[in-house]
Amino acid sequence: MADAGAAANVGRNKYAVLDRSEELDGRRRPPAPESERRRTERFVYACAVFASLNAILLGYDVGVMSGCIIYIQKDLHITEFQQEILVGCLSVVSLLGSLSGGRTSDVIGRKWTMGLGAIVFQLGAAIMTFAPSFTVLMIGRLLAGVGIGFGAMVSGVYIAEISPAGARGTLTSLPEICINLGILLGYVSNYAFSGLSEHINWRIMLGVGILPSVFIGFALFVIPESPRWLVMEKRVSEARAVLLQISESEAEVEERLAEIEEAAGLMKSMKSEEKEVWRELLNPSPAVRRMLYAGCGIQLFQQITGIDATVYYSPTIFKDAGIKSDQELLAATVAVGFTKTAFILVAIFLIDKVGRKPLLYVSTIGMTVCLFLLGVALTLQKHDAGLMSPRIGIDLAIFAVCGNVAFFSIGIGPICWVLSSEVFPLRLRAQGSALGQVGGRVSSGLVSMSFLSMARAISVAGMFFVFAAISVVSVLFVYFCVPETKGKTLEEIEMMFESGDEWRGGEIELEDTQHLIPSTKKSVPLG
């Protein structure tokens, strides 16, 4: 699942203006005592972890539904179309929650919006747990989706606003890790409760999802409000008190407070320019069009290569491969969840060392191979061609699914959000990223809500041959439309898109961008 923090990234981009150097009036801050520095780091990390619990809710709901749907179908006797709607509606509804969560967090504050999201999710999860019919189950699912959207959006914003600049990248990656951890926990819950009766087990699986939201409720009495929101509300003394908790020295407090007050004034002036920003995006110049191709295109390919279908319907895939027992089906999904979680940690370690584009090549090519192998394995199993034993066919299907999620997690999954925040200049960043996320979430919903119907028409194997073909196109997309942004400032990245040369015969290196302007000046005739 790539809901890696879709709305959270909009928030991070929007407040990127807070990043400043560590110098104030030409003087570098004196180092804080080691004990004070460690105390501050522990407190900030604790706040970030508590805020990231919202991401666990999202991941858990995605993972647990893949197993719940087996028993919901048996207990409530829902149709195939109802299964698709139940599974796929979360993507669209959580997007609506994220969009409304932005305005809500500006009115009642960041941490209380997280609390509101937890309450709405608890209500939805409780309704789903005791649902006597499909209609009531859908009401609970919609409420849970709204709650998840609220929390997912505001948690990333909150973490970005309390984090010091040196730790912001690490801390804001926590929600992406927690989404994958939540998916794994959902798979484990499916396996753990699968032995109970069909009327009870899926209800307990869904009810367990309430626990993280209870911890969020307790966390609200521990974590402070965002200092930026307090400044926006003209509660400067309270903002200073919070900054004293999350900063290493009083000098740093005064510096960060000055930056926040400056940023708050800038944000007010930016609001009046929002209409002009949307006009520029909808009627783009060649440079902005290239940015939209890269930033929105990668969001689209992240979803239409079938990752959500793989995560949501992995029991269906393994059943088609030949696994008969429900418990064996769910045990295989645990392996998928573990693989996905492990490789997202690898990606976070490599992304600034190896670069975006090499990881995207590895990711998209690897996904293409695994999707094709999965289609082959399912085809041979279905037609019983005698070319391999059923056990080998099952093992090959499990290997292909695990390989697909591994290659996704090491590249296009996390890099999608990083690239979206880098390719747009500051004036377009929030709206440009939001535009891509809307397309990605809608694509995710369409894939999830049509997978079973399409699989019935062309077979499950046929669906993965289609996904493999789309993945081939994604490799070409990376080659032609995605520049390497590692080690480049945002200004240099913008210059690359302005020139457009990297789409016509290779990448522009850092040294090339530095001499572009001088060489242009030399070519201008003087007479």
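Heads up, the Cβ atoms here are built off N, Cα and C, so glycines get one too.
The transmembrane segment annotation in TrEMBL covers 43-73, 114-132, 138-159, 171-188, 200-223, 329-352, 358-380, 392-420, 457-482. What TrEMBL lists as domain 'Major facilitator superfamily (MFS) profile' is 47-486.
Distant neighbours of the transmembrane segment (200-223): 46-47, 50-51, 53-54, 56-57, 60-61, 64, 67-68, 70-72, 75, 111-112, 114-115, 118-119, 121-122, 125-126, 128-130, 144, 147, 151, 182, 186, 189-190, 193-194; these residues of the same chain sit at least 6 beyond its ends, with a Cβ under 8 Å from one of its Cβ atoms. In terms of C-beta pairs under 8 Å, the stretch of 43-73, 114-132, 358-380, 457-482 lying closest in packing to the transmembrane segment (171-188) is 43-73. Listed by sequence, the residues of this chain that lie at least six past the ends of the transmembrane segment (329-352) yet keep a Cβ under 8 A from its Cβ atoms are 63, 66-67, 70, 169, 173, 176-177, 180-181, 183-188, 190-191, 194, 310-311, 314-315, 318-319, 323, 359, 398, 401-402, 405-411, 413-415, 418, 486. Each of 43-73, 358-380, 457-482 was scored by its Cβ pairs under 8 Å to the transmembrane segment (138-159), and the highest score goes to 43-73.
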